[in-house]
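Asker: Quick one: the structure is below, and I'll ask about it shortly.
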Amino acid sequence: MPGPLRVLITGAAGQIAYNLSNMVANGNLFGKDQKIILHLLDIPEAKTVLEGVVMELQDCAFTVLEGIVPTHCLKEAFTDIDVALMVGAMPRKQGMERRDLLSSNVKIFKDQGEALEKYAKKTVKVLVVGNPANTNCLIMSKYAPSIPKENFTALSRLDHNRAIYQVAAKVGVPSECVKNVCIWGNHSNKQFPDLAHAVVTKGGKQHPAKELINDEKWVKEVFTPCVQNRGAAVIGLRKLSSAASAAKAIVDQMHDWWFGTKEGEWVSMSVYSTGEHYGAPKDIYFSFPVTIKNGHYKVVDGLAMDEWGKGLFKITADELVDEREVALSSFK
């Protein structure tokens with residue numbers, strides 16, 4: 001049996017982490033044969049809540065959970081970690097857009113990037129969840145320069161899963177029968193959810209999703225804004241941001257990054273853009289369709305896009321460049 005993995009969850013006293021820590025500790029992410037040591041980081045003001053989270057994890061008597069390190073100290077949190085699930089950030093509240101969070105969160109991710117650089121394993125895999133996730137991921141990577149930019153990703157699997165559900169519901173199949181939707185760009189209401197290449201298994205056969213749907217108006221006026229604004233819709237109803245669905249998406253994205261994607265299937269993941277794919281700008285974290293093998297992702301190239309799609313692609317790309325400039329200017 002391999003040695004234990006040290007897995008950091010930040011914002012560990014929060015609602016996403018409350019769901020996520022249980023999913024990781026019960027073996028959903030790395031399997032039932034992989035021992036885990038959970039590093040749980042939150043601010044000192046959350047100390048008593050975090051103690052309660054630790055008690056619950058202990059009381060679950062998970063067989064793969066070998067140890068728990070609750071802390072508000074960056075050194076203790078980041079030392080020798082194999083995986084970082086960066087959930088903690090200033091929360092988004094009703095009426096706020098992710099851009100509004102930039103000034104509050106860039107300093108958090110600068111400090112945590114420096115801690116990652118100083119204390120974590122150089123092979124660490126980092127998944128940034130706290131919003132605005134793509135730009136927080138970029139800031140963190142810039143302050144951990146010895147860790148490859150390919151080792152950082154931002155969460156776009158929640159949007160991917162939302163898109164899959166909408167397609168499945170429209171054509172009347174379970175979600176598992178839909179694959180190869182794409183989320184392009186930012187995790188924001190300017191993302192481009194794309195079903196042009198999605199495939200649906202129905203009646204024992206595979207069909208292009210667009211053929212089964214056969215309703216361009218629905219794609220443009222229902223599906224696209226629904227996925228773009230789903231997070232805000234959840235906040236409007238719960239008065240809190242998505243928690244269980246976000247935790248499930250974190251597990252999905254890291255699981256596929258760790259173990260690989262299925263043959264003939266891609267997933268959406270926000271990865272470092274070198275400017276080589278689809279004309280996306282350099283030096284941002286941009287959601288692309290990717291395949292993954294042996295822990296390494298590869299962007300799926302050659303997918304066609306119509307003029308309407310190209311327009312949405314440009315909007316989300318421009319937003320990410322704008323976010324980057326705002327974030328970097330706060331350090332000047």
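Positions of Cβ are set from backbone N, Cα and C atoms, glycine also.
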Asker: Per Swiss-Prot, which of N26, N105 sits in the NAD(+) site along with G11, A12, A13, G14, Q15, I16, A17, D42, Q112, V129, G130, N131?
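Answerer: For the NAD(+) site that includes G11, A12, A13, G14, Q15, I16, A17, D42, Q112, V129, G130, N131, Swiss-Prot also lists N105.
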Asker: About how far apart, in whole Å, are the alpha carbons (Cα) of N105 (NAD(+) binding site) and R162 (substrate binding site)?
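Answerer: N105 (NAD(+) binding site) and R162 (substrate binding site) have their Cα atoms 25 Å apart.
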Asker: How many whole Å apart are the CA atoms of V129 (NAD(+) binding site) and H187 (active site, proton acceptor)?
Answerer: 10
Asker: Please report how many Å separate the Cα atom of R162 (substrate binding site) from that of H187 (active site, proton acceptor), as a whole number.
Answerer: 12
Asker: On the Cα atoms of G11, A12, A13, G14, Q15, I16, A17, D42, N105, Q112, V129, G130, N131, which are listed as binding NAD(+), what is the maximum pairwise distance in Å?
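Answerer: Of all Cα pairs among the recorded NAD(+) binders, the widest measures 20 Å.
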Asker: How many other Cβ atoms sit within 10 Å of the Cβ of V129 (NAD(+) binding site)?
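Answerer: 28, counting other Cβ atoms within 10 Å of V129 (NAD(+) binding site).
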Asker: For the recorded positions R162, H187, which one has the sparsest Cβ surroundings, going by other Cβ atoms within 10 Å?
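Answerer: Each of the recorded positions R162, H187 was scored by Cβ atoms within 10 Å; lowest is R162.
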